[in-house]
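Taking it in order: structure first as structure tokens, then the write-up.
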Amino acid sequence: MLSLKLPRLLSINQVPKGYREQGILFGYRPPRSSAADCLLSVFQMTNETLNIWTHFVPAWYFVWTLLGRLWGPGDWEDPHAWPLLAYLLTCCIYPLASSCAHTFSTMSTRARHICYFFDYAALSMYSLGSALAYSAYVFPAEWVSSTFHHCYVPVAVFNTVVSTSLSCYSRFLEVERPRFSKASRTLAFVYPYLFDSIPLFYRFYLCAAESCTEAAILVHYKHTVFAFLTCFIFASHLPERLAPGHFDYIGHSHQVFHVCGIISTHFQMEAIMMDMAERHRRILPASLLPSSLQTLGAMGICMAVSLVVIGLCSMSLRFMPEPLQR
């Protein structure tokens with residue numbers, strides 16, 4: 001163990017174009033690292049280290065929350081709890097997938113693409129988990145059982161498939177058309193979020209018009225603010241864009257993007273649980289609640305289609321040449 005050496009770090013001019021990040025000049029890991037080197041780099045200060053830990057540690061907080069609900073009294077038998085459990089599962093998966101993608105993304109160019117394919121699919125599944133929870137607990141009372149309510153989850157399933165496909169496809173454009181690739185990837189995740197949030201935005205409108213006193217609304221506001229901040233930071237590449245080389249290891253946009261995203265998810269989870277408790281007190285008819293079969297069916301369809309998309313994109317990587325390491 002004492003003979004193990006940490007991977008040598010490179011500058012931006014020593015790595016292929018697809019590995020470079022705007023405004024980050026140093027701290028890159030070698031592009032053809034072994035799996036052991038990738039794991040060792042987790043404990044080395046590189047420009048990816050905090051990207052890994054800012055999602056790995058919070059993932060276990062969400063796992064702990066999910067296990068707490070599973071071990072709670074009657075959650076398995078309560079049909080009212082199934083959308084929440086599905087949502088919490090996606091909250092666990094997406095930061096773990098992101099952490100793994102950042103850890104092993106330097107094994108090769110193909111491995112890098114495949115790692116991020118799974119990362120994007122996990123984020124898309126989180127969007128579906130949010131839609132399932134919103135459909136069950138967050139919808140305005142006057143919209144429950146409306147045509148839009150009945151179509152809401154099926155459209156969210158379709159959006160998830162489109163999001164996974166578009167975000168994965170954007171990686172093929174990354175080298176030759178980086179701006180279009182970035183715009184496509186941003187759109188792939190912003191559009192499902194905006195659609196999922198339509199019921200929430202309507203509740204915001206009602207509260208502004210009627211001065212409501214719902215406790216969950218304030219927490220939803222916090223979630224929404226951090227969600228928009230997350231999107232802005234992801235798209236703007238601030239602060240490293242203004243001072244290249246000064247935020248290579250600590251404080252660059254992707255780290256802040258991770259932290260803001262996790263805080264947003266935390267507030268979203270708290271607000272959803274508050275809305276769930278409120279709806280539970282109203283004792284809604286069972287026919288108005290999504291069944292376990294509907295919840296698992298939506299999750300299963302999206303997971304299966306996402307795996308097919310990842311498989312097709314991974315097979316297409318054979319036609320992409322491996323860049324030479326300098």
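Any Cβ shown, glycine's included, is placed from N, Cα and C.
What TrEMBL annotates here:
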BINDING   H102, H254, H258  Zn(2+) binding site
TRANSMEM  52-72  transmembrane segment
TRANSMEM  84-104  transmembrane segment
TRANSMEM  116-140  transmembrane segment
TRANSMEM  185-205  transmembrane segment
TRANSMEM  217-235  transmembrane segment
TRANSMEM  296-317  transmembrane segment
Legend entry - C-beta crowding around H102 (Zn(2+) binding site), within 10 angstroms: 27
Legend entry - Leading stretch by Cβ pairs under 8 Å, where the reference is the transmembrane segment (116-140) and the options are 52-72, 185-205, 217-235, 296-317: 185-205
Inset, instruction - Determine which residues of this chain, when H102, H254, H258 are set aside, have a Cβ within 8 Å of the centroid of the Zn(2+) site's Cβ atoms, and list them as they appear in the sequence. - result: E48, L50, N51, I52, T54, H55, S98, Q255, F257
Inset, instruction - Mind telling me which of the binding-site residues H254, H258 has the densest Cβ neighbourhood, counting other Cβ atoms within 10 Å? - result: H258
